[in-house]
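Have a look at the structure below before the remarks.
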Amino acid sequence: MKEGTGMVVRSSEITPERISNMRGGKGEVEMAHLLSKEAMHNKARLFARMKLPPGSSVGLHKHEGEFEIYYILLGEGVFHDNGKDVPIKAGDVCFTDSGESHSIENTGNTDLEFLAVIILL
């Protein structure tokens with residue numbers, strides 16, 4: 001992609017992948033990569049829509065040299081933020097800075113869906 005050019009990625013072009021026990025978490029997670037690292041000029045390494053069924057989670061992990069943002073689209077759960085458990089729901093934004101650890105768990109009765117973005121420093 002050249003500087004100044006746009007791009008539209010059609011939903012029909014996106015194939016979600018299923019990951020069991022992501023980062024040591026519980027159950028299965030569905031991840032749909034929306035843009036590649038190259039499309040984001042190597043300034044971000046992830047832009048994805050995540051879906052966690054009830055009881056599923058992304059395990060505790062640490063970010064170094066990057067930060068991660070979650071924007072909660074649907075459902076509810078718990079964001080584990082450096083040892084603190086914070087209830088989350090649709091419309092909330094979760095931020096994890098470089099050097100920090102986090103995980104996310106679906107504690108609700110419906111799917112927890114969110115956008116995940118990892119920006120490189």
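Backbone N, Cα and C define each Cβ position, glycine as well.
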(request) Write down the one residue from His33, His102 that Swiss-Prot lists together with His61, His63, Glu68 as binding Mn(2+). (result) His102
(request) Looking only at C-alpha atoms, tell me how far His61 (Mn(2+) binding site) is from Tyr70 (oxalate binding site), rounded to the nearest Å. (result) 14
(request) Go ahead and report the DSSP secondary structure tallies for the domain 'Cupin type-2' (49-117): helix first, then strand, then coil. (result) 0 helix, 47 strand, 22 coil
(request) Taking the recorded Mn(2+) site as His61, His63, Glu68, His102, identify the other residues of that chain whose CB atom sits within 8 Å of the mean position of the site's CB atoms, giving them in sequence order. (result) Lys62, Thr96, Glu100, Ser101, Ile118
(request) Would you kindly give the Cα-Cα distance separating Tyr70 (oxalate binding site) and His102 (Mn(2+) binding site), rounded to the nearest Å? (result) 11
